[in-house]
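Look at Swiss-Prot and you will find C35, C40, C46, S272 tagged as [4Fe-4S] cluster 1 binding site, backed by sequence analysis. What Swiss-Prot lists as domain 'Radical SAM core' is 47-261, and the listing cites sequence analysis. What Swiss-Prot records for C61, C65, C68 is [4Fe-4S] cluster 2 binding site, and it gives sequence analysis as the kind of evidence.
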Amino acid sequence: MNKRKPDWLKIKLQGAEKSHEVKDMLKRLSLHTVCEEANCPNLIECFGRKTATFMILGSVCTRNCTFCNVTKGLTQAVDAEEPSNVAQAVKELGLKHVVITSVTRDDLPDGGAGHFAKVIEKLRPTEVIVEVLIPDFQGDREALDTVIRAKPHILNHNIETVPRLYATVRPKASYARSLELLKNSKELDPGIFTKSGIMVGLGEQEEEVIAVLQDLRAVDCDLLTIGQYLAPSAKHHPVIEYIHPELFKKYKDVAYEMGFKYVASDPLVRSSYHAADVSHIIG
């Protein structure tokens, strides 16, 4: 698709000066953010507000999703200092809500679940709301339980797209497995808030998106994000369509009618964009 981006996807650059402070701190503490690795369009705004989504377990992924800009290839050794460094970064930024995500580490026996737990445990003594955005751990319920037992406030796992597109968009993932993870999360801890997200503009149909929302509610998913897919480069899955803001509003209205507790649906929404907006729900 060669069509130019519509006006509603144009971003005002603000907060650039403060964003350098965040980048300097991340470098000092040897930390990665999904904001940088995924080439997020909201990076300057979020860094300018001194918020970030920390990406643990290195910067190299074992999966080959065609929508993602994170580096694929040979993985790195797990940094034992990372949990302490994340906690220090959260303290320096004065965060009230922190999002921790990771590359997918299919090469690790537990998929990195134990490392997630260590990061959460370092943050739990603070007042910060801890949200984790986790991979599917290849369906390993024990790995999921390891994360759940560490007591994050929000368990996020993105469904990403409609089932029909998984073969081309997420070839190593499974729609059913992702739904099962969200279902199991509630079974392991009924009090945890679960969250998921979907990208649109990949070639899905409106009725397919509605069906995904129904599937998410069927496993008692609480929080939802819907955003426009933007291809990081010409080598990635192409943008098939730029979805009009009115359709995002429709998805939002439909989702609330289904019973989601919080819905962010807008072209520039990303999974952790303005994540702290749910703080009034978490309590």
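Each position is counted from 1, following the chain as shown.
Every residue gets a Cβ built from N, Cα and C, even glycine.
Note that the structure is a prediction, hence the values are computed from the model and not measured.
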Completion exercise
The number of other Cβ atoms within 10 Å of the Cβ of S272 ([4Fe-4S] cluster 1 binding site), counted over all protein chains shown, is 28
Problem - Confidence summary (mean pLDDT) of the domain 'Radical SAM core' (47-261) - result: 89
